[in-house]
Amino acid sequence: MILHMNDKQNKERNRYAKLLRRFAFLLVFSILLQSLVLINVARCEAMSELTVTVINNNQVKLQWTDNYSDELRYIVEKKVDNGSFTQISRYRDSEDYTDYSVNSGHTYTYRIKVVDSSNITSIYTDEVTFSTIDVQKPNSLKVSAVSSDQIDLKWSYADDKSFTTLIERREAGDTEWYKVATVPSGQFTYSDKNVVSGVTYYYKVRSIFSERVKSTSFPDEDKGYSSSPLLYKPTDLYGFAKSPYSIQIEWTDSYNAATYVIQRKSPDESTFKTIAVVPNSVNVYVDINDSASPIKPNTVYTYRIQAISGSSSSEYSDLLNVTSTFLNSPSTLTASCVDGTRVNLSWKDYSDGETGFEIWRRAASDADWTLYDSVGRNATSYTDIGVSPQVSYTYRIRAKINDYSVFSDFSNQVNIWVSSISSPLNLDYTILQQNEIELSWQDSSGSETGFKVERKEGELGKWQQIAQLNPNTVKYTDKRLNNTKVYYYRIQVYDAANSTSYSNEVEVSFQIPGKPTELEARNISANEIQLTWKDNSYQEKEFVIEVKQFTSFREIGRVGANTTTFIHKGTLSEGTFTYRVKAVNGIVQSAYSNEAMASGGKKASYTDLGGVKWAVEAIEGLTGKKVFDAKPGTKFYPEQSITRGEYCAIIVRSLELGDVAAGRYADVTSKHKYYKEIMIAAKLGIVSNDKNNKIYPDQLITREQAGVMLALALKISGRPLPEQDSSILKQFADYQQISEGSAERISAVCGAGIITGRQEKDKVYLRITSNVTRAEAAVMMYKALSL
């Protein structure tokens, strides 16, 4: 019984052992099989794609990458049309094969079989099918740089054929080519805009049938055709007349330029001419009048600038038109922020004939200036409501004359930080002693927590807080200063929420202002003497004007900084007036200017001016300049209409246009009362003859004719009236009576207030065809002289 049990147990153990051996064999076999699969997968992944380059209709080149380390051989197989694959070559450690046995009448399919070192495992590449006429090498390529950020390519194929084209590019110094674009069939141009100025690029083109079938490249496989983008062109070009005979132009540098070529074209020239070549360190050029490149007053000149570096050049800058008409630039531009919603600008207007001002703005995030807005004539302030809080803005302005490309230089620049608290306004200073100043400002905020006074030494110094003040404070005294240094100050206001805003900046100098020079005095009417001088100081606060008539000087007026003219009224007195001027900055004063003298006018009036009291000042003022023929103390006949000849005399004498002139006209002989003045006016173009060679000097002059003649005369004398839009004439009920040829000049004289309308019931009439009385002529001329 016991033996029987042992025998049964042994059989059971043997059966389990056999099953275990079978399981182990299956497990090992499964692992080996999975390893073989993974190896083949890895080999497949390592196998590169087969590509074909069609060299010509009878030759193709196959290429692949040798990614194996244990391959036995590569076998190239080929199928023609619908036939079977045949072996045409076998290689070891090879990556290409050239087949010379093709032609254009068949379709070919290629594949590469890889056999490993065991001579058991075989892997095929994907098959590639094509005809040799599916692609063709381009036969031309033109590469041209057209700007600093664009290179244009143009290519062609033989027999005007068309293929999909692959464009490849490399940079100078690099041997690896990169795909730029694939261009569809039928297109033969491409603009590469992904380029950088200063880099040389090489290009080649080829046709492609698919990602794996392509032609050879034109012009070659290795070098290609090269081109470099143009240099960056000069930008932000602007200019202005420094005088009637010189023009200053400025621009922003092109960083990779070596020199700049400046070219100019005048109205009587058809092409640009080079007037200067300047180094890259220069971005300001003054074009002055000389025999080689003369400049005429009131003439429009066109400028352009090109950057040059070796054989490379830029596009020309944008064209700039500048008229050689001088305008004084605005100055003392200041900015203040109000409640974080608007910026107030203010400046001083020193130009006489401007039609308006341009407001230029640049936010902190902007690279370029923008012409932001414009304002009209004589404006001295502007409010910018298009600002965002917590943003810094910089402003500058310049004067202009519409439609004539006449601009002044830009004013100083001002920067303002926009915050929700209003900035202190009108920061100014007064020198109290040689080392002590008092700052003063206007508190425009009603919610500030306090003020901080900041100061820096010199323009490039660092701002430092020197005082913290209580709310509502509007003054601060800074003591123990070094009177040999220049200081800058600004006031910061802040609130409980830590919102801040700054005042304008002021420059403080204890240096003695330069004394005014070239003081001149001249009579502009019987009771007015005009003073002009040259300002030689930049730190004056004002100018003090003094006069001496008998024994000692006395002060007669003060004008602000940078002002260079003053009119002394009420000079109807016997004797001579002597004038002098000094620049003042608090207690610091310049030396006096030279002295200038002018004789006082004699009161000259007429016995019949009682009915034209509105014209008495003008008549008496011009009488002192000996404008009229009537002798003082006699009758003037103010309401009598005057002739064209007499009006010519009034203009020529008032503007001192007296220069000997002669001419022949059918109705003006040398015996005519106003022959001299008419000849001068005719020579200058103030009046002109008709087809019958007549001027009609004895014909009564109309308001329209008088306005046109006066506008012309003022322009000729160097004081042109500001341009006005003709739409201002529509305020007059009879504006349609103005002739088209006169509208421009009548708009100017009306805009200047020289001719005004007449109220009749509920409308205003210009009465442009009415005759001009002697009193009206005097007022018109007097107003013109006072502009």
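Cβ coordinates come from backbone N, Cα and C, glycine included.
In TrEMBL, annotation is done automatically, which means it is predicted and not curated.
The feature domain 'Fibronectin type-III' is assigned by TrEMBL to 46-135 (among others).
The domain 'Fibronectin type-III' annotation in TrEMBL covers 137-230 (among others). With DSSP classes pooled into helix, strand and coil, the tally for the domain 'Fibronectin type-III' (137-230) is 3 helix, 49 strand, 42 coil.
What TrEMBL lists as domain 'Fibronectin type-III' is 233-328 (among others). Assigned with DSSP, the residues of the domain 'Fibronectin type-III' (233-328) fall into helix, strand and coil as follows: 0 helix, 52 strand, 44 coil.
According to TrEMBL, the domain 'Fibronectin type-III' annotation covers 329-421 (among others).
Annotation comment: TrEMBL describes 423-513 (among others) as domain 'Fibronectin type-III'.
Per TrEMBL, the feature domain 'Fibronectin type-III' maps to 515-604 (among others).
TrEMBL lists 602-660 (among others) with the feature domain 'SLH'.
Per TrEMBL, the feature domain 'SLH' maps to 661-724 (among others).
Per TrEMBL, domain 'SLH' is recorded for 729-787 (among others). For the domain 'SLH' (729-787), the number of residues in each DSSP class (helix H, G, I; strand E, B; coil) is 28 helix, 8 strand, 23 coil.
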Segment proximity, the domain 'Fibronectin type-III' (329-421) to the domain 'SLH' (661-724), 3 or more C-beta pairs under 8 Å: yes
Please average pLDDT over the domain 'SLH' (661-724) for the predicted structure. 88
DSSP helix, strand and coil counts for the domain 'Fibronectin type-III' (46-135)? 4 helix, 46 strand, 40 coil
